[in-house]
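Peer 1: Taken from TrEMBL, the feature transmembrane segment applies to 6-26, 38-56, 68-85, 97-118, 124-143, 155-172, 178-198.
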Amino acid sequence: MGKSLTTVLTLVSGISWTLVYLLIIYRSYRDKTYGMPFWALAFNFSWELIFSFVLATPPIGLQETINRVWLVFDVFILVTYFMYGKKEWPSYLSPKLFYPYSLLVLLTGYFFVYLISVELDHSQGMYAAFIQNLMMSWLFIAMLNRRKSLEGQSVGIALLKMIGTLAPTIIYGLKSNFVLFLGIGCFVADLVYLILLMRIRHLKNHSY
C-alpha cells in the first residue's frame, strides 16, 4: 500500500474517532450517563496512554499525534464515567466497591495492552488495538441492550466508530490475517450495533 493512501486512511481514522469521542462526551453530559462501556474505555485509555508516551518512539509521527489528541478526549470520557457510573452500579453491591473495581479494571486494561504489545507485537500495538476494538464493538451492543434506550449513544457515534475502525483494517489487514479477522469482526459488530440503534430510534419515535 502506498504511503499517500496510508496517510489518508490514518487521517480518516483519526478524524472519525475524534468525532466519536466528541459525540460521546456531548451525549454523556446531555443524558447524564457515560457513553462508552467502562471495560472498553479502560483498554482504550490504556492503549492511548501507552502509545502516546510509554512505548512511543521518536520521531513522533502522525499516528502518535492522533493518539495524544485521543488521549485528551478519553480523559473527559473517563470523567463522565466517574460522574455518572454509580447510577448503573449493581444495587446488590456496596457503593464502596465502585472505585476499587474501577481502579482494578483500569489496571487490567493497562497491563493487558502493555504486555501483549511488548511480548507479541514488537511494541507496535496493532494486536492490542484490534482486540480491544472487537471487545468494544460487542460491549456497545451489550450496553444498548441493557439500557434499551439511546442514552449516551447516537447513530452518529455508531457510524463514525465503524468508519474509524474500518480504515486501519484496510491498512493493517493486508499485513496480517489475524488483524484482518479482527477487523472484519469489528465491522460486523459495528454494523449490528448501527442497525440496532436505528431500530430503537425508530421505535422510540413511533411510540405513544
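Note that Cβ sites are derived from N, Cα and C of the backbone, with glycine treated the same way.
Since this is a predicted model, take the numbers as computed values, not measurements.
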Peer 1: Which listed stretch (124-143, 155-172, 178-198) has the most C-beta pairs under 8 A with the transmembrane segment (6-26)?
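Peer 2: That would be 155-172.
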Peer 1: For the transmembrane segment (124-143), which recorded stretch in the set 38-56, 97-118, 178-198 gives the largest number of Cβ pairs separated by under 8 Å?
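Peer 2: If we count Cβ pairs closer than 8 Å to the transmembrane segment (124-143), 178-198 scores highest.
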